[in-house]
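Quick one: structure below, then a few questions.
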Amino acid sequence: MQDNARAFFEQAIATPSPSGYEERIQKLIRDYITPHADRVRIDVHGNLIAEIGNADGPRLMLAGHCDQIGMLVSHIDENGFVYAQTIGGWDPQQLIGQAMSIWTDSGEVPAVISRKPIHLLNQDERKKVVGLDEMWLDVGASCDKQAREKIRIGDPITLDLQLRPLMNSLVSGPGMDNKTGMWTVIEALRRAKALAGAGGLGCHLHSVSTVQEEIGLRGAKTAAGGIHPDVAIAVDVTHASDCPTIDKNKQGDLRLGGGPVIFRGPNINPKVAARLIELAETNNIPYQLAAIGRATPNDANVLQLHGAGVATGLVAIPNRYMHSAVEAISLDDIDHVAQLLAHFAAALKSDDDFTPGGQI
Ligand SMILES: [Zn+2]
């Protein structure tokens with residue numbers, strides 16, 4: 001991984017992007033990819049689309065959602081304590097005792113979220129799973145007036161956006177879902193250009209940082225409406241099964257550092273999956289297989305259903321502790337995913353036929 005690509009990943013983790021509030025991260029991405037793309041634009045929904053390649057070739061859309069789960073200021077009480085609602089799927093237990101950031105028009109306001117101490121919980125309260133309505137954010141304000149001078153209803157909130165390096169190229173922090181996937185589709189454009197060389201790409205590649213995946217796959221849907229891809233590959237995180245209490249019999253055997261996870265199942269075009277496997281093997285990229293027998297809970301779901309149908313693939317990054325402050329991934333995996341996607345773009349040609357079973 002090049003130093004500037006690594007720095008871009010670290011900056012993305014440090015940049016807030018709760019669903020619906022992705023402007024800051026899209027600006028960061030635009031600044032990074034503009035020198036490498038023929039065209040970069042942001043649509044009215046907020047999706048960022050970077051393009052290179054042959055405008056007459058098959059349209060390939062690589063989709064990685066840049067939004068992360070977060071919270072939203074919904075009330076400030078008379079003592080200046082802040083109450084929030086969630087954006088996306090939270091386990092409230094993950095929030096107790098966290099450092100938080102409230103992102104206002106004038107910048108970041110540091111906060112903490114907690115509940116009353118264990119010493120003061122009665123026997124019933126100790127046994128109960130805590131709900132979000134029993135927690136509040138504390139910014140240190142002395143009264144509501146002081147809090148309201150800085151914070152407005154509707155301001156977005158994230159966990160403290162710190163990246164923590166672990167052993168063996170693992171890193172941990174909030175928002176690996178799915179800034180990792182976003183990074184791979186943006187990085188793939190840069191690498192596909194290098195792979196294609198002077199002749200250029202045969203396909204028209206659109207690398208898209210999609211918005212609002214966490215609240216219903218909304219950005220991928222509108223982005224596809226503007227691009228009309230022939231082939232699309234979504235990149236998102238998936239649950240690794242290489243830590244305690246995860247059942248491999250249910251989740252499959254997926255390891256951090258084991259390489260890109262190539263999904264197979266009805267939501268996936270079989271020829272796209274087969275080509276991804278073939279390209280991984282011929283280019284010595286490690287990979288893992290996973291199955292899903294229903295509509296996928298990520299951008300691949302809506303991409304396949306766009307228009308008269310899109311040949312859709314799903315490549316995933318193994319992730320431990322999804323939707324928490326300590327999501328863990330392997331940097332080697334995201335490097336390999338970007339490489340696999342770049343090879344897919346470089347191999348895609350006008351006469352490729354992804355009709356299952358071929359034309360009759
Ligand atoms: Zn995701």
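Start at 1 and count along the chain as shown; that gives each residue its number.
Using the three backbone atoms N, Cα and C, a Cβ is placed for every residue, glycine included.
Annotations in TrEMBL come from automatic prediction, not curation.
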Do you know which of His65, His75, His343 TrEMBL groups with Asp177, Asp236 in the Zn(2+) 1 site?
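Same Zn(2+) 1 site in TrEMBL: His65.
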Which of these, Glu149, Glu214, Glu281, does TrEMBL list as part of the Zn(2+) 2 site with Asp177, His323?
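For Zn(2+) 2, TrEMBL names Asp177, His323; of Glu149, Glu214, Glu281, the listed one is Glu214.
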Enumerate same-chain residues with a sequence separation of six or more from Glu214 (Zn(2+) 2 binding site) and a Cβ-Cβ distance below 8 A; give 'none' if the list is empty.
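Ser19, His65, Asp67, Gln68, Ile69, Ile87, Gly88, Gly89 - these are the non-local Cβ neighbours of Glu214 (Zn(2+) 2 binding site), listed in sequence order.
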Under DSSP, is His323 (Zn(2+) 2 binding site) part of a helix or a strand, or is it coil?
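SS state of His323 (Zn(2+) 2 binding site) = coil.
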Which site among Asp177, Glu213, Asp236 has the most other CB atoms no more than 10 Å from its CB, taking these as recorded positions?
Glu213
Using CB atoms and a 10 A radius, I'd like the single residue among the binding-site residues His65, His323 with the highest neighbour count.
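Result for the most crowded candidate: His65.
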